[in-house]
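Undergrad: One structure follows; several queries about it will come next.
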Amino acid sequence: MYLALLVIFLQCSEVYAQGKVFTFNRVEIRVQPSVKVKNGAPMSISCHADISKNTDFQLKHNFTIFKDGKLVFMTVSDKEDAWYEIPAAKSSDTGDYECTVKADGKLGFSNSIYVWVAGMTKPILTADKKEVVEGEVVKLRCELPEEVPPLEFVFRKIKTNSAPKEKRVPEQNQNFSEVEYYVEEGDNILQFDCFGKRQVRSGWESSQHSNRTLVTVKEPFIKPTLITKPSNNVTEGDQIEFECSTVVAQIRDIEIIFQKNRTILNSVRDKKFLRYSTVATQEDSGEYLCKVEQGTVSKTSKLNVFVSELFPRPTLSASMTKLDESKDLILSCSINGVRRANFSILRKSPSGDVLLKNSRVLPIKVSVNDTGFYTCKAEVKGIVKESKSVRINVYAPVSKPTLSVVSGSPEVVLGKPLQLICHSVMGTPPITFTFYKGDEIKKNVTNDTYATFLDEDIGLNDNGGYKCDARNNHSSGVKTSNILNVTVIVPIRDASLGSIPYGEVEVGSDTAFLCSVKEGSWPIDFKFFKKTDHEVLLHEVREYSDRTIWHKKTMKRRDTGTYYCMASNRASVDVRSRPITISVILAVWQKGVIAAFVLTAMAGAGAVALWWFLRKKKKAKGPSMEMSGSPLAPNLTSEKLTRQPSDGNYYSGSGYIEDNENHMKSTDESKDSMENRNSRIYGHPDAT
């Protein structure tokens, strides 16, 4: 029985479990009346869950509505719909809405829907003052109480018959903004308003304009009055007076400034008026300005004045503007249409004008020191006018120029540039110098006292023909220098060294060394050297020739070695020859003496050896016969013969023979050298 009940219970549980099956078909979000709602109108957002069930059973639905990802509404219902009611929509309700539904562990999501609440609330504008004085500041506050930042506020300053002046202020963290307006001159009655803006998906949206706030402005002083006496149209020499005045509520710290262009002519403080007078000149024509300042407030008035010309500017004329010294110059000053005036003629100077004469005409016998600028002045009725400056140039004649080489010496190395200088001691600059090479003009230079010329094309035949001319504006004309002859120095080329005799020289004989060059200007310095551990100078000489011979007397064995020569001239380039080798050997008679001595020594040594041999042989016959029967005799004789060569009086002579043969050979060679001496050439081929 219990088993049957258990089976029935399990089957009922399975059936119950199978009856709770459901699934979300979709979740929808809707907006009433539409996705675009006017600001202040009611708005309703609904969330609907479309669910399929296997049986009819109740589910608890958890509804959640989000705006721009933030939770704005949540409720639990057994119904499949939930409503989020907004009685009066605001612009801050604009955004992306979506909803989720959760039931028995399952979750459904809706799509996103964009809701736009069109329009913004009207802002509120307040001012900290209702009445201000020019120069003060008005502080305004604009607020959008029901709006959410970020916002942008636009303030407007409204004046009659002029466009409003706007100030834009962005606010990222608050729904109000404050600005200050400076009250300027002429701001009599001011009106202010403001409006707000916010950025929506379709662009910018603006609120209505706020209420207009009225601000009354008081003047601390009135705009100044500027007048002239007798009028603003006068003639040079007339007295003209300016007067500037104002009406001020508080005279303390008031300042009146009178100026022309940017130049302040007069000013007063703590006074209501200012006066300024002067004798009118033509330069006084123009615009004048009177400015009244108090604190930060400034007001101005302007007036144009025209001054008629009493007489024109004088003219200074010169009989000549360029003339020779000691010539006569006449300066005259005149005014077109006016004869009666006080004239004066002056010379301009950096330290101030120098009065030459109070007259209309000035005659001068000029000198060079009279060169400069001159002017004249004319006075009529106290009005003084000055003419334009006239430049007078007085010229002294140039002296005969001198032409020289910059380096000092009138010579140049072939292939090197030549720099010349032409100089005139006297003469008023500018001076024009002309350089000639032969009859050809090479260069024209204008300078004060000298000029230079660089000739880079120097040839072997350019040994003179340079001259220069000098001239200035003096009537004497051109002066010409003397002709400058320049020597062209040819550098040394290819030095060579030879000797007589060449190669081998007998002791005690003389040797002639010949050093020569292929090319080079005279004089030439020749130097002879012998090579040792260091260079040894043996002889030096200066020759006006392309070669020189040095005779070295009595050659010795120590003179054997290597020789070379070196040549140089004013081109300052040392040219060295190839070296030659000289061997100093014994003379023929010296070799003969040595040979005779050696032969005599050898003959004497031979005679001694023969005598000794014969004597020993004679002595050996007796003992050998007496001891012929003794077996030791041969041994003793053998020992004696063997020991004899070790005697100190014995000389083999082989060394002398060898030396004699060498000396003979040298003598023969020397003989051949002497026989061929005249047929040999001196020196090696030319060397560089």
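For all residues, glycine too, the Cβ spot is worked out from N, Cα and C.
TrEMBL entries are annotated by machine, without manual review.
Relevant sequence annotations retrieved from TrEMBL are reproduced here:
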type	residues	note
COMPBIAS	635-652	compositional bias 'Polar residues'
COMPBIAS	660-678	compositional bias 'Basic and acidic residues'
DOMAIN	224-304	domain 'Ig-like'
DOMAIN	312-391	domain 'Ig-like'
DOMAIN	401-485	domain 'Ig-like'
DOMAIN	491-581	domain 'Ig-like'
REGION	622-688	region 'Disordered'
SIGNAL	1-17	signal peptide
TRANSMEM	593-614	transmembrane segment
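Tell me about the surroundings of these features in the structure.
TA: Secondary structure counts, DSSP: the domain 'Ig-like' (224-304) has 3 helix, 53 strand, 25 coil.
Helix, strand and coil residue tallies for the domain 'Ig-like' (491-581), in that order: 3 helix, 55 strand, 33 coil [DSSP].
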Undergrad: Which residue counts does DSSP yield for the domain 'Ig-like' (312-391) in the helix, strand and coil classes, in that order?
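TA: Looking at the domain 'Ig-like' (312-391) with DSSP, the answer is 3 helix, 46 strand, 31 coil.
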Undergrad: Per DSSP, how many helix, strand and coil residues does the domain 'Ig-like' (401-485) have?
TA: 0 helix, 43 strand, 42 coil
